[in-house]
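Everything on this sheet refers to the single structure shown next.
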């Protein structure tokens, strides 16, 4: 698997996980707040972990405390919530772009993770200024003298991998700033030597370094800076004495005062295997050298890509000379892909193509809006305007008015190889530099009402993500075709779908005589018949596509049949509860596609129409329209049945699954991309009935009328 998201989370090695499993099978631990032998042993393991952490950063317990946290964000919030700012004298009207002098200030770089930026709202009622600055404000300009002030410094950009000079730590401290280092990205591939650099606070997460365990981080606090943060509340395990009837309480020693509740002691014990893994790799310096080498090679590969007209395929968001020096650049490349005409491919489109090739990377702004704004030329006004147009963090809106709303990020770790770069290059060559085709011209949208299409095929999918054999006639319900997406396969309580489990395409399901569910393997060698009237066991609520739906379990016999058919263990077939108003449909009750549009794709890639229909998994297929004209419809009627168009259907790598083999073939999605060009790879329209009445049916041969009003 070409994995290029080590900045998101690096991967644990097989040996590391095997060692953890062996340790867990033999190690019995208990709550370290207790005093019996197992609890005492656990406490010793926790304290040994603190010492090992300090050793890793080349310091000792004489110089730093180790507060164990949940993650980097948790550590940063501990500092911000408890930092002893001075007296607040005035309100903050805006975020400053320069550092302010005086008392009680917060500063951070524009290139900061949202976990840093969000601290401004933690301290807003305590400080006199909040400043968001660039590195030059620290290294090249005079820093104003301050007291009782905190600067949260990014060690390495999680957006583009730029390493910020740790000289800033000393320069800020000389002027009275306490410095909290956000080291989350930096420590994943670089050594932080605390005998050379001495921030007041350092926050990081261990999964960034080891890949496993998750949910464990640390806040290192310089002992001569411990007086800068003061705990004013308490929780379980943090007090020496407390009285519930008065405000009296006395906190424990420094580290334990900030470690609220019971520590994740099993996770802490597993840190040992993470440190051993780093040593097996030759130490963090060897990892830095490996990842720097791979990152440089990836950069050179990306820069070499040209369209036939000579224009670059890749726009890179870093200065190339930084990649020559591992002290200035971490193992991250942020970029976007460009069209031959100079426009941009949306990063969602790129991500879908990567999924076909099995490449895993990150897209978006990576929780770093400041860097995103700088490198993509986005303004504060554009952010708010984009929000009004529906843009949200983590969604698929990747271009607005032709401008990218985010980028593509690749990043390397200790398990990375040249193969990862080769796979990315093959994907770019196949999908974005070769086989460029002109988008097909579409008919005048106003002509749609002059056509007289009819329904030619109908499909219902009783089991979500499983195939259908189709029928000529279906009864309608308030939630779509009767029995459509009424069943769902889960494995160890995880929902199976085609995107993650393409073997589901080897099954088909249909309702026979309205009273039996027939499940067959694709070759029809095995089948299972389930009476629809079967009394089922309540299985509780199930979260499907953001909806919580009450379900019932179809029993052990069905589960065992699915285990055999899918070569899995612990499969279960769930059915929507009888009184549920929802089924397992993702977006809309019906998906309608145009047979002529299917035919155009069929001719283009030499794939049979029937196979394309199978891959597109529509409910309704109409005949008698020019290709792609259905995009212009707002409403339609199928004889006396009225429907409204909800949205276009944006396609993903699911249509690339070969129903005969379960393997992924990118040709169909590539053809769709070329035909649609800048239409977001949509195909088909989602529709919803607006005049439903009990007893209605939809059948093949019915006439269809479209409206663009």
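Placement of Cβ uses the backbone N, Cα and C atoms for every residue, glycine included.
According to Swiss-Prot, the feature N6-(pyridoxal phosphate)lysine maps to 208. Annotation comment: Swiss-Prot describes 367 as active site. Feature annotation from Swiss-Prot assigns domain 'MOSC' to 563-707.
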Segment confidence, the domain 'MOSC' (563-707), expressed as mean pLDDT: 87
Cα-Cα distance linking the residue listed as 'N6-(pyridoxal phosphate)lysine' and residue 367 (active site), given in Å to the nearest integer: 16
Within the domain 'MOSC' (563-707), residues counted as helix, strand or coil by DSSP: 41 helix, 47 strand, 57 coil
DSSP-derived class (H/G/I helix, E/B strand, else coil) of residue 367 (active site): coil
